[in-house]
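Copied over from TrEMBL, here are the features:
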| type | residues | note |
| --- | --- | --- |
| DOMAIN | 38-98 | domain 'RNA polymerase sigma-70 region 2' |
| COMPBIAS | 100-113 | compositional bias 'Basic and acidic residues' |
| REGION | 100-121 | region 'Disordered' |
| DOMAIN | 130-178 | domain 'RNA polymerase sigma factor 70 region 4 type 2' |
Amino acid sequence: MDIIEEKKNKSEEQLVEKIREGNQQAFERLFFEYFFDLCSYALQITKSNEQAKDVVQEVFYKIWKRRRNWSVYTSIKAYLFRSVRNEALNLINKRGRREKLKEQLSDTTEKYTSKQSTQKNEGDEKLIKAVWNVVKEMPQRRRSVFVLHRKHGLSYKEIAEVLDITRKTVENHMGLALDDIRGSIDIE
């Protein structure tokens, strides 16, 4: 290791230590030194300027949030680029799962809204058919929330992530769906 490399490593160690201590100026220095290069790299992976910036900001947010325990065993640059790559790949995987679930939801919604119930008990069959007839007439978002929750067992939080809406919106749609069903079906 030559003298220039030693000085660089020492400088990086000092920067990491200052950030661990909560020094905002040191953190800002790190941020501004690498932000644009990291965004450019993230853009190659995500193919979206907005998502690239989100990925890089998320990496820096996690560093600041966990700064007291932050350790760098390689160079800071290598650490940051690896972190951005991992975060971008996680985003792509999450986005892919979300799209796949949306497709499955669409297929499932069609299947269950157009299919007659196969329940053996005639009373149950009529009730289930009546419920699904009401569900079939619901607005798309409300129907999706209902099917994801009641048929697939997803939590409100999971539904919010899949449909990219807030948990409160999920609660509202579920409440409206249940009101629709109660209002349309005469339960004896």
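In case you wondered, yes, glycine gets a Cβ from its N, Cα and C as well.
When DSSP labels each residue, the domain 'RNA polymerase sigma-70 region 2' (38-98) comes out as 52 helix, 0 strand, 9 coil, counted as helix, strand and coil in that order. Residue counts of the domain 'RNA polymerase sigma factor 70 region 4 type 2' (130-178) by helix, strand and coil are 40 helix, 0 strand, 9 coil (DSSP-based).
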